[in-house]
Amino acid sequence: MAASSTATIGSYELTSRAINEPPAAAVREGSGIFNETQRLGSRYGQDYSDGGVESVAAQNTSAEVAESWKYPRQNVVRTGAAFWSLLTSGANDAAYGALIPYLEEYYNLSYIIVSLVFLSPFVGYILAAVLNNTLHRRIGQRGIGITCGICHIFAYIIIAVHPPYPVLVLVYCLAGFGNGISDAAWNAWIGNLDRANETLGFLHAFYGAGGVISPLIATNMIAKADLPWYTFYYVMIGLATIEFIACTWAFWSNGPEVYRQTMDASNEDNQGMKEALFKLPFARMTWLCAAFLLCYVGVEVSVVGWIVQFMIRVRKAENYPAGMTSMGFWLGLAVGRAILGFVTPLLDVKVAVSVKITIGFAAAFGGSGAAILPFAVGAIAQAKGVKTL
């Protein structure tokens, strides 16, 4: 019998096995690994080198059906709840740029001080990255759904009463924590399903959709309807309330005991996280993904976070058209991520890809880039002027 080794992180399991091991075994184990003849995104050792899909299907006739977004049936509701949660996160992240000119005026702030609204979620994102596995073990996906919804609701209620600016900065930490745990949890859960690339593409398309509607609603409420900036967070309270109800209901049966049952007994006490972060080859993949997302998400939110201010101060645009400029970026992001999910499975891979065990940590850690780099941009704008953007 072929020897195998297993490393576990969060809710994912990576199992290496010999190529001649029956594919059905991989299906039963709930894990897979890519080889040189596979397509990126193929499931459970599907080998196209001899016999193609038909031969694999014939070998798997007695195997259990792989879990997907529509199987079992309750996964349809869970997928919808995850989509809505990412839409709420996208609306949260896109609101900063649209609101910065009004926060600056309302609180009489400099660029570097107003940039703290980008930096403060950093604490929340880092906590989410570090506590992701522990939270899953203690409260399960059900608890994650409840926690992220409560964090968002409380944060938006406090912001809606327009507290002093230091309180506002602290509250954005809470919103960042909610974003971090939901982003990591739902990315990881969907990443473990069949045809994950396509479903993840739509998940992130909903994040982009949230980024589209957020500046659209905020700018119309403030620039057109002459409402105070904080009234936009009444809308966010509504989105977060739906998120709380949907995620709690959808993942109610996925308590901590369900999560713990999927963990390998040899990887207790967070051993899977330690291996993924500090043991080669897993650590290389984890930190490369995390570093890439740190830079990518940071640049992404920096651009859309400050483009409105750039259009107002440098291009002398009116508040309404300036507020609409960021919407185009988020629209492109939504369309691009939806399409990319169908392109990715067509790519050939030559080595095993351990994305499943890294995605939870990398997504949460990468989200901190949305806090660090926009703050740095604000500091530069304060010293050199917004035209440096």
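Just so it is clear, glycine is given a Cβ too, placed from its N, Cα and C backbone atoms.
On a predicted model such as this, the values are computed, not experimentally measured, just so you know.
As annotated by TrEMBL, transmembrane segment applies to 109-131 (among others).
Feature annotation from TrEMBL assigns transmembrane segment to 143-161 (among others).
The transmembrane segment annotation in TrEMBL covers 167-190 (among others).
Residues annotated as transmembrane segment in TrEMBL: 202-223 (among others). Sequence-remote contacts of a segment are chain residues at least 6 beyond its ends whose Cβ falls under 8 Å from one of its Cβ atoms, and for the transmembrane segment (202-223) they are 82-84, 86-95, 97-99, 102, 186-187, 190, 229, 231-232, 235, 304, 308, 318-320, 323-324, 326-327, 329-338, 341.
Taken from TrEMBL, the feature transmembrane segment covers 229-252 (among others).
Under the heading transmembrane segment, TrEMBL lists 287-308 (among others).
Residues or ranges marked as transmembrane segment by TrEMBL: 328-347 (among others).
Per TrEMBL, the feature transmembrane segment maps to 359-381 (among others).
Proximity of distant same-chain residues to the transmembrane segment (143-161), defined by a Cβ-Cβ separation under 8 Å and at least 6 residues beyond the stretch ends, is recorded for 81, 85, 88, 92, 135-136, 167-168, 171-172, 174-175, 177-179, 181-182, 185, 230-231, 233-234, 236-237, 239-241, 243-248, 250-251, 255-256.
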